[in-house]
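Lifted from TrEMBL, the feature list:
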{"type": "SIGNAL", "residues": "1-23", "note": "signal peptide"}
{"type": "DOMAIN", "residues": "30-331", "note": "domain 'Plant heme peroxidase family profile'"}
{"type": "DISULFID", "residues": "40-120", "note": "disulfide bond"}
{"type": "SITE", "residues": "67", "note": "site 'Transition state stabilizer'"}
{"type": "ACT_SITE", "residues": "71", "note": "active site, proton acceptor"}
{"type": "BINDING", "residues": "72, 75, 77, 79, 81, 93", "note": "Ca(2+) 1 binding site"}
{"type": "DISULFID", "residues": "73-78", "note": "disulfide bond"}
{"type": "DISULFID", "residues": "126-327", "note": "disulfide bond"}
{"type": "BINDING", "residues": "168", "note": "substrate binding site"}
{"type": "BINDING", "residues": "198", "note": "heme b binding site"}
{"type": "BINDING", "residues": "199, 250, 258", "note": "Ca(2+) 2 binding site"}
{"type": "DISULFID", "residues": "205-237", "note": "disulfide bond"}
């Protein structure tokens, strides 16, 4: 009887503690929120304060920092390979089609890394910085919070081809986008929820010009785009020129993380083709869009879950990879 009671106490204690861990088994180690509690207890505060300063200075930065985490994880996993500059035989992912003249926020990451190196040298990885920054940026824009599992290490290489091929593109078909998500262990629910990050941020004219003038390949615009909205877009996105002109992904509340993105899709006012196909090319994704448009709470809950799931794509743990002292350069050979 005493042994049974002791066993019950052990099980009960484990169950009580387990939810605080959010552990994810990986090859060579685990990710868990308390990873830096002893080695760098001030890490999360340092990250939060610098991100808050950057977003206060430029609200658009929240979307840019969130996007960095996406574009990192979809290539070789969440390993900070996107931050590496070219040199020493390495070709940076920053030169890929999805990233060139597009991804930004590197200076903010550099400032965070510099502060962390002063506080806790060679301790906090650049990959973990990206994961925490994505969460903090979302919160600062008015979105949900989530507990970030930590313990990622940084890659010693990058993949230009992976960046060109694995990151979903604005003109990809729905099936192509879904396939890219599934190859990373993400499903259609994750696809729709994570697409909701387009409730903040901007896109360049060159990213959606085809929809305005030649979506069919026969000189006709995209019929799934609201005509009045299309006419408005054409005033600043001509058939030639203006490639870098910026447009809000969510024109209703461009700097607020909310569910208006999904409401826009139902009104056929999604800016990118990759947004609008969630409504026009899949009944399953359409139903999810409707649910998130109706309930911001439901969207926030799933977005948080999907971000944790995405942050666990092939992380380097244990002795794999390294801890860079400069996020733009490898620390060791």
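Note that Cβ sites are derived from N, Cα and C of the backbone, with glycine treated the same way.
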Residues satisfying Cβ distance under 8 Å from residue 327 (disulfide bond), sequence separation of at least 6: 80, 83, 84, 106, 109, 110, 113, 126, 129, 154
Segment-level pLDDT (mean, integer) for the domain 'Plant heme peroxidase family profile' (30-331): 97
Beyond the site residues 72, 75, 77, 79, 81, 93: chain residues whose C-beta lies within 8 Å of the centroid, for Ca(2+) 1: 71, 73, 74, 76, 78, 80, 82, 155, 158, 159, 162, 163
Residue from 73, 168, 198, 250, 258 whose C-alpha is spatially nearest that of residue 79 (Ca(2+) 1 binding site), among the recorded positions: 73
Inter-residue C-alpha distance, residue 81 (Ca(2+) 1 binding site) and residue 199 (Ca(2+) 2 binding site) (nearest angstrom): 26
Residue 120 (disulfide bond) to residue 77 (Ca(2+) 1 binding site) - Cα separation in whole Å: 25
Listed in sequence order, residues not in 199, 250, 258 with Cβ within 8 Å of the centre of the Ca(2+) 2 site Cβ atoms: 196, 198, 200, 252, 253, 254, 256, 257, 259, 260, 261
For residue 40 (disulfide bond), the one of 71, 72, 75, 168, 199 that lies nearest, given that the recorded positions are compared by Cα: 72
Proximal residue to residue 78 (disulfide bond) among recorded positions 71, 168, 198, 250, 258 (C-alpha distance): 71
Minimum Cα separation from residue 73 (disulfide bond), reported as the residue among binding-site residues 168, 199, 250, 258 that achieves it: 168
